[in-house]
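Visitor: The structure follows.
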Amino acid sequence: MTPVPRPRREWHSLPFPLAILEIRRQRELLRAHNLHDTYGAGGERPRRPSPRLLPYRSYDGSGYDPDDVDMGRAGTRFDRNCALPETFPEEEEKGLYSPSPREVSRRLLARRSGFRPAPTLNMLAAAWIQFQNHGWFSHGDNRTDEPLDVPLAPDDDWPRCPMTVRRSRPDPVAHTDPTRPPTYENTVSHWWDGSQIYGSDEERCRALRTGERGRLAVEGGRLPDETRPGLSGIDLTGFNDNYWVGLSLLHTLFAKEHNAICDRIAAAHPTWDDERLFHTARLVNAAVMAKIHTVEWTPAVIAHPVTRAAMHINWYGVLPAGLRRRTGRFGRGEALFGILGSPTDHHTAPFSMTEEFVTSYRLHPLIRDEYEVRSHRTGALVDRTDFEALQALATREAVDRWGWSDLLYSFGTMNPGDITLHNHPDCLRDLARISGEHMDLGTVDVLRDRERGVPRYTAFRAALHRPPLTGFEELTGGDVALAAELREVYDDRLDRVDTMVGMYAEPRPRGFAFSDTAFRIFVLMASRRLKSDRFFTTDYRPEVYTRRGWSGSTAPGWWRCCGGTIRSSRPRWRGCATPSRPGGCCGPGGSADGGAGGAGDAGDHALVPARTGAGGPAAGGGRPAAGGRRGDDAARCGGDRPAAADRLPRGARGAGRPLPGARGRGAGPARGAARRSRARAAGERRGDAARLRRRGGHGGRASR
């Protein structure tokens, strides 16, 4: 492989415009060199053209690409971001247990001095990413025969020696080339299609539906109970492995949102049957989730001005909203108008999720051991509980006990854990499964990467074109004590550090909740999830989504598109724009008619926790955004009116709101520019409204 030149400086040390260009350069580099097809030329999956392209998402993820009907289908392989020769698993006798994954868990992952919170996020952020992951990848049920035997130290208190861990389920399709590394099958659809809600096969999907008006089954405001034997107490939904209250809240919320979308579309198309309403609503619901994740969740988790702008550009492009509306899309590029609506492109390999992508999303430190339940009406503490009472078969009982509104409010005001070493939750280091077996998820996380051939940290960095490290101290950003711990556990061999451990240990760019190395995978794969999917590219248009569905999918996400659903649960939501930073669902004094305003003192993201104290959450916020309104109109899926989420973040135009924890930085000219920007946006909205009134409606010739 030809060596790839590396930049002399990291992107986050460059001036803003150069940093944006550097991230774009990295994405093009990764697209060219880091997409590796695990089917290759072996013939295990012959390419078959799609007999016809459906105007909706298929049940199993097939039929998206005209030349390859099985691309992204459930039951196809994970691909790789590292070159295939580098992805052979280590042999059990030589390296699989070196050092023992259990010792890594005990000495580097376990919490020593209590819980370390991630101050800029809330528990909805932790639940959200697991919710999305369940729609992207699953390795299925692991093997029950020939378990892996993890050696234990003499002073280890694990009840059974050796610790046994089930092996990963192998790829059921045999290799035609024995020299290639082992592969694994994704049991869910690879696409961003909401399969965690809808399932990845037709039988499961139909079991979730009412069969009338396209709706999903929701009984008394809740999803039904799971009907499979031994799983009562878990919601009946598309994918409910590893289920807990955080997932239940989001599955319920977006099942309700699906039904609300059905009602809006049915009102415009009263003759449509159940099947057409269902598939159209699914298209819209998946687009709503993709937008929330791209322009709301991700900028909250990587809250650096450069990356916030980059995610905005991914979705919208660099042109202002008013100019985009006036000119319409032209050309094939992504920079001006964003990926949405651009031509589909898989680049150097057919689309699929990758093993390295799975590795980068090992974010279990986000989970807390202890939880506070607060009243959504007053903010007062109602109860304290642990993770055990919120997960598995206890999930529905917990929702019945504390109520959907109080739990949703509480998750919006609690911090998750910081994604770092010595912060892995104790509840996951001795987790009781539904089957009765106990597992240390820290041990399993380390072992899975080794078993599946994910390169160790230094090789992983090199594969992503990052500069080599000179020693443990550089890895830890100068933390000598942590470097000494790593040196001891890994026997002074930097090349043996596990990828997950290295990503937890490395210094992070300002505002980042996870590592810069993981970010390289996201730079590639976050764009790829959109760029390869024709329902986000060539078929992202009102003729496919319908005009009602199109207006819902293009409106600002978390609050505008889910506000009515949230409000019906009766918590008061102030400044709710995304499911991420603490305080987005905030302010005591719950009411079904609570304000739907814009950014307030507690932040403008629903994944950002509210400030809490003896008197409950701070009451700051609740102020309507410029041009916004309180009440039902503000919660309704709107049309094309621009909002805060539709404007470039601070740095992209030199001004904007300060980042969380950076109060006062936006003073002077920046604040003046921000006020002028808001005034211009309000003027655009008034002008658009006047033009629509003169036209006598929404205008346009697109399908309703």
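Cβ from N, Cα, C; glycine included.
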Visitor: Have a look at 163-182, 563-582 and point to the one annotated region 'Disordered' in TrEMBL.
Guide: 163-182
Visitor: What residues in the same chain, six or more past the boundaries of the region 'Disordered' (37-68), come closer than 8 Å to it by Cβ-Cβ distance?
Guide: 74-80, 84, 173-177, 180, 183, 189-191, 193, 195, 198-202, 205, 279-280, 282-283, 286, 344, 346, 349-351, 533-535, 539, 544
Visitor: For the region 'Disordered' (163-182), DSSP counts of helix, strand and coil?
Guide: 0 helix, 3 strand, 17 coil
